[in-house]
Amino acid sequence: MVFYRSVSLLSKLRSRAVQQSNVSNSVRWLQVQTSSGLDLRSELVQELIPEQQDRLKKIKSDMKGSIGNITVDMVLGGMRGMTGLLWKPHYLDPDEGIRFRGLSIPECQKVLPAAKPGGEPLPEGLLWLLLTGKVPSKEQVNSIVSGIAESGIISLIIMYTTIDALPVTAHPMTQFATGVMALQVQSEFQKAYEKGIHKSKYWEPTYEDSMNLIAQVPLVAAYVYRRMYKNGDTIPKDESLDYGANFAHMLGFSSSEMHELLMRLYVTIHSDHEGGNVSAHTGHLVASALSDPYLSFAAALNGLAGPLHGLANQEVLLWIKSVVEECGENISKEQLKDYVWKTLNSGKVVPGFGHGVLRKTVPRYTCQREFAMKHLPEDPLFQLVSKLYEVFLLFLQNLAKLKPWPNVDAHSGVLLNYYGLTEARYYTVLFGVSRALGICSQLIWDRALGLPLERPKSVTMEWLENQCKKA
């Protein structure tokens, strides 16, 4: 199924300078390419993929050096800090946070097209950036919006029927992942592979599957929400709306804040976070076996559903509400510190704080905080989150084993709750819809670059003991 309308317009690339600040606050300039062609697929075919294929060949032939040492701590510590993945769209800096094709979140907010001046970036614009490395024009974004609106309904009836076979009480992520699996019957990659497509062309049906999947996951997610919480009364998509606004609309939220600001912001900042996190890595790993994007993304969703990954945004709001129930909304910072210690001493974590890579407060948190300060400064739960942030930084940041930096989950639940999406068990589904943009972008590049099957080596405890004796 062809997802985007072909528009044979390609013109010269132009570039413009976008100012960036690095960790030391000195100024540097990044050349951000833009283009006026409206066909995203043509952009990839005619220039970007051949260029990046040649670049990878050069790296393979010319650069044989080592990029780091593997320690026992890395092997026993979940491979944390071990460099071992090529990830095209993003880089996660421990101090600056995520960069989408070199652009920080504040920079994306400035240069990516919005629905109206001063609004949050349209997710379609981020998708163009992730796939091409170029900042799109509003016309290019509109072409993607139109493509999403024109996406067919193949397999949606199968998806609805499959989800309905589950108990309505099943966890939202169980229903969401099941629905995505049901969409797999329309896979263009599977059909092409069975017909013997040459491996150099693998990326083409992967592109079709990925774009159709991105278009359809909000339909799956909205169906799950309306089935669970609104008596199955579904709302059809509005083809005049963009990706984020349409998703909010199908959920049942019509406020401009939910459309214009919160959902677009949410989808953008949750789209990806480098390749080593559980969901992104799982999608890449499964796809390396030439599983199609539907199978790969469904696997990624199952990883996202874990409490140490995407389920954390659900756990944050539940934990905050437990604080209110036990201590009241007007809890002091000292009382809150005691409650944090109570949680930690019981062998649990405080959800929303600490990260495997990040070493400071980063834009994914601060942009949500700024949004809350502008739109809901008096909300009791937001004020409690603010106190919690201060408690971690003022009282707890000097503890050797504690990583106090807030992550993206620390704020999102409070914002969603304020605007009426109060069902915390559903929050990870929102995360999953967002993650489709980043994971599918990478899957297209995985196949375009011909990346191999992932197959690391494992060792036994005896092997490790012998290695330690030799050291």
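Yeah, the Cβs are placed from backbone N, Cα and C, and that goes for glycine too.
Model, not experiment: these values are computed from the prediction.
Straight from Swiss-Prot, the features:
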ACT_SITE  H309  active site
ACT_SITE  H355  active site
ACT_SITE  D409  active site
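Cα to Cα, H309 (active site) and D409 (active site) are separated by 10 Å. Classification of D409 (active site) by DSSP places it within a helix. Within the same chain, residues at least 6 positions away in sequence whose Cβ sits under 8 Å from that of D409 (active site) are A312, N313, E315, V316, P351, G352.
H309 (active site) has a Cβ environment of 17 other Cβ atoms inside 10 Å.
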